[in-house]
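A.B. asks: Below is the structure I would like to discuss, written out as structure tokens.
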């Protein structure tokens, strides 16, 4: 059994609607172990750095504005096939076509305010986890 780690973010719209506990409960119900977690309010520089790969895309400015609009909760999740399983559980970016039972189907407002983020590959998970957490802050079981 090979455990993977992935980064999850509970985004500003979900934090503002008091959905943190609900989302965390659903993650644990799906077998994810939370091995690191913190709440923070990104500034513009932090948001631009995290989403640097999208800098030249049309939605970049709106994304940065949204991600700095209120606090977020960042988590490191661990389980077998964590990246793929969390991507599936999140649902598609557009909540109008997200599958019933996914986090975005349940909680997302629109494509920008889609409540959660998840790493899209193991390599990106490692980079994204390191962006928010020092090794000493992660309690792998």
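Including glycine, each Cβ sits where the backbone N, Cα and C put it.
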A.B. asks: Check Swiss-Prot: it lists 11, 59, 87, 104, 114 as binding ATP. Then name which of 2, 93 it lists for that same site.
C.D. replies: 93
A.B. asks: Can you tell me which binding-site residues out of 11, 59, 87, 93 are within 10 A of residue 117 (active site, pros-phosphohistidine intermediate) by Cα, answering none if there aren't any?
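C.D. replies: So far as Cα distances go, the binding-site residues lying within 10 Å of residue 117 (active site, pros-phosphohistidine intermediate) are 11, 87, 93.
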A.B. asks: List the residues of the same chain that sit at least 6 positions away from residue 114 (ATP binding site) in sequence and have their Cβ under 8 Å from its Cβ, in sequence order, or write 'none'.
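C.D. replies: Long-range Cβ contacts: 11, 13, 93, 94, 95, 104, 108.
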